[in-house]
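Asker: Shown below is the structure under consideration.
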């Protein structure tokens with residue numbers, strides 16, 4: 001048997017013995033990685049001594065660096081994420097975002113954590129599908145929310161009614177008539193604002209358009225989204241979830257313009273989310289006029305993806 005064959009054989013036995021240890025408990029993502037052929041094929045030997053009765057293989061420290069990278073990807077950076085709110089951290093790893101290309105074709109999925117890491121966004125060009133809900137009452141006032149202080153990206157900024165992403169699951173992957181995104185919007189309005197599903201029927205959401213943008217939040221986190229812009233006109237009772245929302249308020253067009261003035265002047269520490277700012281600057285007020293005239297369907301353009309990065 002050649003030295004290379006000996007190395008491969010011993011490497012396989014080493015990894016199998018390692019994984020069979022009853023004391024070893026691995027996160028599912030790590031278990032998949034360590035069982036994979038890529039793990040075994042990346043083993044590098046420092047020295048090989050072959051004889052008829054003896055083979056000694058010393059495995060390089062490459063193992064630990066590969067394992068460390070896998071651990072960070074699967075579980076996050078323990079040191080820098082220590083201050084993350086427990087609820088937000090759980091959602092970061094439980095939620096699987098829908099990865100798309102710039103034409104909004106589904107290409108895969110990944111954790112909310114990875115999809116919001118600027119390092120991954122830049123190195124892997126991760127782009128995920130998202131939605132922004134604009135809910136108006138019968139007086140044509142827009143419901144705004146202030147994101148909670150514990151949000152990982154853009155805490156305490158003012159934004160539109162609800163902003164999130166559809167999950168990688170059957171009911172939220174339906175492309176026809178943006179049904180998957182509308183299902184996700186209904187789910188998140190309950191989760192963030194306590195609005196029951198029956199108060200915001202899926203067929204009442206009007207998809208007006210799509211935009212693609214990228215926005216860093218701080219040195220570590222950010223957004224890179226293909227965002228569906230959904231309007232709905234309903235009178236609802238709001239019961240904000242404090243894990244998601246710090247405050248809410250309804251505004252008319254003049255009140256929103258006054259808020260924008262204060263933000264631009266740096267008054268009261270007010271800030272807007274970057275996606276809300278893009279919608280305000282490019283679409284909102286002309287669409288709002290359609291809301292008041294009852295001609296919202298005339299403003300719909302779901303064929304164009306507005307690239308605003």
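Glycine residues also receive a Cβ, built from the backbone N, Cα and C atoms like all the rest.
On a predicted model such as this, the values are computed, not experimentally measured, just so you know.
Not my notes, these are from Swiss-Prot:
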- 163: active site (ACT_SITE)
- 225: active site (ACT_SITE)
- 112, 147, 151, 164: substrate binding site (BINDING)
- 116, 128, 223, 225: Mg(2+) binding site (BINDING)
- 126-278: domain 'Nudix hydrolase' (DOMAIN)
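Describe each of these features in terms of where it is and what it packs against.
Answerer: Within the same chain, residues at least 6 positions away in sequence whose Cβ sits under 8 Å from that of residue 163 (active site) are 130, 131, 132, 133, 273, 275, 276.
Counting only same-chain residues six or more apart in sequence, the Cβ atoms lying under 8 angstroms from the Cβ of residue 225 (active site) belong to 127, 128, 129, 130, 165, 212, 213, 275.
Following the DSSP three-state reduction, the secondary structure of residue 164 (substrate binding site) is strand. Every protein chain considered, the tally of other Cβ atoms within 10 Å of the Cβ of residue 164 (substrate binding site) stands at 20.
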Asker: Given the binding-site residues 128, 147, and counting only Cβ atoms in the protein chains shown, which has the most within 10 Å of its Cβ?
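Answerer: For the binding-site residues 128, 147, the Cβ with the most other Cβ atoms within 10 Å is 128.
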Asker: Give me the count of other Cβ atoms within 10 A of the Cβ belonging to residue 223 (Mg(2+) binding site).
Answerer: 23
Asker: Identify all same-chain residues not among 116, 128, 223, 225 whose C-beta atom falls within 8 angstroms of the centroid of the Mg(2+) site's C-beta atoms; report them in sequence order.
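Answerer: Neighbours within 8 Å of the Cβ centroid, excluding 116, 128, 223, 225: 97, 115, 121, 126, 127, 130, 153, 165, 222, 224.
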Asker: Which of the three DSSP states, helix, strand or coil, fits residue 112 (substrate binding site)?
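Answerer: Once the DSSP labels are grouped into three classes, residue 112 (substrate binding site) ends up as helix.
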Asker: Among the binding-site residues 112, 116, 151, which residue has its Cβ surrounded by the fewest other Cβ atoms within 10 Å?
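Answerer: Per-residue Cβ counts within 10 Å for the binding-site residues 112, 116, 151 bottom out at 151.
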Asker: Measuring Cα to Cα, how many angstrom lie between residue 116 (Mg(2+) binding site) and residue 151 (substrate binding site)?
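Answerer: It is 12 Å, counting Cα to Cα.
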